[in-house]
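Undergrad: Pulled these features from TrEMBL for this protein:
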| type | residues | note |
| --- | --- | --- |
| COMPBIAS | 1-10 | compositional bias 'Pro residues' |
| REGION | 1-46 | region 'Disordered' |
| COMPBIAS | 11-20 | compositional bias 'Low complexity' |
| COMPBIAS | 26-36 | compositional bias 'Polar residues' |
| COMPBIAS | 123-136 | compositional bias 'Basic and acidic residues' |
| REGION | 123-191 | region 'Disordered' |
| COMPBIAS | 144-161 | compositional bias 'Basic and acidic residues' |
| COMPBIAS | 171-191 | compositional bias 'Basic and acidic residues' |
| REGION | 221-245 | region 'Disordered' |
| COMPBIAS | 232-245 | compositional bias 'Basic and acidic residues' |
| COMPBIAS | 301-322 | compositional bias 'Basic and acidic residues' |
| REGION | 301-372 | region 'Disordered' |
| COMPBIAS | 341-372 | compositional bias 'Basic and acidic residues' |
């Protein structure tokens with residue numbers, strides 16, 4: 001909306017003071033005033049109401065040095081010019097204030113009318129939007145109802161057509177009806193025979209599948225038991241190897257202790273013979289050292305051969321266990337693959353049989369239509 005009109009000063013009086021009037025700067029003029037503005041917001045539409053009230057203070061009774069205050073006679077009448085001027089000035093100020101208040105009220109009325117018009121326009125737009133929404137909703141409801149009626153009519157037409165077709169079929173000749181009944185009975189018998197055959201085949205397939213599953217389960221259990229036995233045997237063999245290694249270590253420790261004792265004995269004997277047979281003892285010490293080194297070398301070679309044989313056995317056991325695990329996995333994969341193949345073949349056969357029966361039924365219906 002537009003801004004409210006700004007309060008203005010009341011117009012000056014058109015009355016001109018005579019030269020004898022008081023022009024003191026300390027005296028307020030007759031047109032001077034002070035305004036008290038009160039602004040309030042209404043409860044409807046948010047319209048601001050501006051009320052401006054003016055109070056014009058009365059002129060203080062002063063004595064002008066230029067105008068005599070005493071009354072004088074004119075044409076036999078008593079004339080008080082000061083009071084006459086005061087009254088004229090007061091009337092002129094009141095008239096100007098009334099004119100300004102009327103003008104301000106007119107502006108306020110125009111502003112309120114403009115705000116009211118804007119509010120009416122907003123309400124009209126809202127009503128137009130609501131009417132448009134209601135029209136759209138009515139159109140949608142009408143479209144839905146028309147679609148429902150159309151669907152209902154189509155359904156009724158289909159039902160009527162089906163009823164007409166059924167009545168037409170019912171009104172056929174007795175021979176055609178008997179022939180159709182005989183053909184239907186023959187077809188039902190064929191279907192019953194086919195269904196019984198399919199059920200027997202399905203039961204046979206289920207029995208074979210169950211037997212294959214039991215055989216596969218037994219083979220899997222046997223394979224699992226074999227693998228578990230091999231694992232237990234490998235564990236026992238590893239335990240025996242560990243025990244044998246511990247025995248080898250104990251024997252090796254005993255040999256080392258005996259060797260140390262023998263070396264100590266030899267060193268003692270050598271120390272006793274040092275003074276007597278120095279050259280011989282030096283030769284004997286060299287031969288003893290060579291013999292000892294040869295024995296140590298043979299002992300280390302034996303230990304290395306044992307370790308090599310042990311590693312070879314462990315590697316062979318690991319390879320054997322891996323081969324058995326792979327064989328078991330291949331067996332399980334083969335069992336699952338054969339089961340899936342059997343299920344897929346059964347489903348394909350069932351689908352093919354259903355398609356064949358559907359084709360036969362369609363051919364039968366076509367033949368019946370051609371005959372009728």
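First residue shown is number 1, and so on along the chain.
Cβ atoms here come from the backbone N, Cα and C positions, even for glycine.
All annotation found in TrEMBL is predicted automatically rather than curated by experts.
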Undergrad: In the same chain, who gets a Cβ under 8 Å from the compositional bias 'Basic and acidic residues' (123-136) while lying at least 6 residues past its ends?
TA: none
Undergrad: For a three-state summary based on DSSP, what are the helix, strand and coil counts in the compositional bias 'Basic and acidic residues' (232-245)?
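TA: Summed over the compositional bias 'Basic and acidic residues' (232-245), the classes give 14 helix, 0 strand, 0 coil.
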Undergrad: Taking DSSP states H, G and I as helix and E and B as strand, how many residues of the compositional bias 'Basic and acidic residues' (341-372) are helix, strand and coil?
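TA: Helix/strand/coil tally for the compositional bias 'Basic and acidic residues' (341-372): 31 helix, 0 strand, 1 coil.
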Undergrad: How do the residues of the compositional bias 'Basic and acidic residues' (301-322) split into helix, strand and coil according to DSSP?
TA: 22 helix, 0 strand, 0 coil
Undergrad: Count up the helix, strand and coil residues in the compositional bias 'Basic and acidic residues' (123-136) according to DSSP, in that order.
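TA: The compositional bias 'Basic and acidic residues' (123-136) comes out at 14 helix, 0 strand, 0 coil.
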